[in-house]
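Participant: First, the structure itself, so that you have it in front of you.
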Amino acid sequence: MKLKQTTTAWKRIVVIASATVMLAHLSACSDGTAMNDAETRPAHRVLVKTVEAETLELERSFAARTEGSMVAEVRARVGGQLEARHFSEGQLVESGTVMFSIEQAPYEVDLQKAQAELTSAEATFNEARRDWARVENLFTDGAVSARELDQTQSRVEMAEADLEAARAQLEDVKLRYSYTEIKAPITGVASRESVSVGNLIQANDTLATIVSLDPIYVHFNVPESDIATRYLLRVTSLNAEDEQDGPPARLRFSDGREHPIEGYIDYVSRIVDRETGSIEARAVIPNPDMTLLPGQFVRVQLPQIELTHAITVPQRAIIQSGRHSVVYIVDNQDTVQVREVTLGVRVGNEQLIEQGLASGDRVIVEGLSMLQPGTRVHVEEAE
């Protein structure tokens, strides 16, 4: 009975030992397979572009709006009844052209009155001078006192002052009379009339508006960070004697047509707008055929801007991380690194990099999904 129990115990030990050996063997096999998988798994494949600094010629254009180079309101300078209009609405008028007439009769009466007052003042002055000449002779003979001579001299001076006042009054009346003809202050295209003939108008009433269209102004804004801002500030002088020394500018319409005559930039603000983060600039464009009209939306085309030591990368290489832009690069050990960059303008499908990259950097342009910094990768150069 005892022998049978001992045999059963040994059988149990053998079974347990066998199971232990089998488990150990399975564990070893599992570890070996994992190690082999790690050794044989292929590295993440990426395409890179090795960036090199180069010289670029950039074309920059900006949305703009046209505006008359001069705008003048035609205003009455005296009151009265509007008697006539002497221009066609919407047509070109030359500076100095009579545009309106105000009834002249009341001003002719004032003119005659002022002329009569001047004649009277002249007569009074001449009489005072004759009196003074007689009194002076009598004073020399001792026939009159010095006081009488002084009084006569005072009357001459007062008469002379009245004469000057009458002359000034006549000139004022003549000036007001001339204002009954309302003339164009500038050369340009006249608007429609604001007041019809026959109405009673007051001094300073607006009767029409004139807009000068040749040349025409084109206003546009350039972002502070744009390469064109630095260009414009560099090529426009604060002390330029001739405003036409500014850089050339061309105009394009919304349908792609180009204005045939080249203009120039005559104004670049040195103040950045706080709300838009841009600077204001203005182009002057010749417009002899009056094909450009105020209020049109156009694009201002600047000359090619040469940019040296420029680095660009494909747009698809840029990753936005919050407010920052980053690219993934591959270092000398084929390990992925992240690099923050400052973006410039777009150049076709490429993105200009202002800061963050140098010649020789290998930028990942394909294979970015599921990529983490520190990952070793298999590198292929993009064509």
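Glycine is treated like the rest: Cβ placed from N, Cα and C.
TrEMBL lists these features:
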SIGNAL    1-30  signal peptide
DOMAIN    71-211  domain 'Multidrug resistance protein MdtA-like barrel-sandwich hybrid'
DOMAIN    111-180  domain 'Multidrug resistance protein MdtA-like alpha-helical hairpin'
COILED    111-176  coiled coil
DOMAIN    215-302  domain 'Multidrug resistance protein MdtA-like beta-barrel'
DOMAIN    310-368  domain 'Multidrug resistance protein MdtA-like C-terminal permuted SH3'
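If you look at the structure here, what lies around each of the features I listed?
Facilitator: Residues of the domain 'Multidrug resistance protein MdtA-like barrel-sandwich hybrid' (71-211) grouped by DSSP class, helix first, strand second and coil last, total 70 helix, 32 strand, 39 coil.
Confidence for the domain 'Multidrug resistance protein MdtA-like alpha-helical hairpin' (111-180), expressed as mean pLDDT, is 91.
Note: the domain 'Multidrug resistance protein MdtA-like C-terminal permuted SH3' (310-368) comprises 3 helix, 39 strand, 17 coil (DSSP; helix = H, G, I, strand = E, B).
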Participant: Run through the domain 'Multidrug resistance protein MdtA-like beta-barrel' (215-302) and tell me, per DSSP, how many residues are helix, strand and coil.
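Facilitator: Split by secondary structure, the domain 'Multidrug resistance protein MdtA-like beta-barrel' (215-302) comes out as 12 helix, 34 strand, 42 coil.
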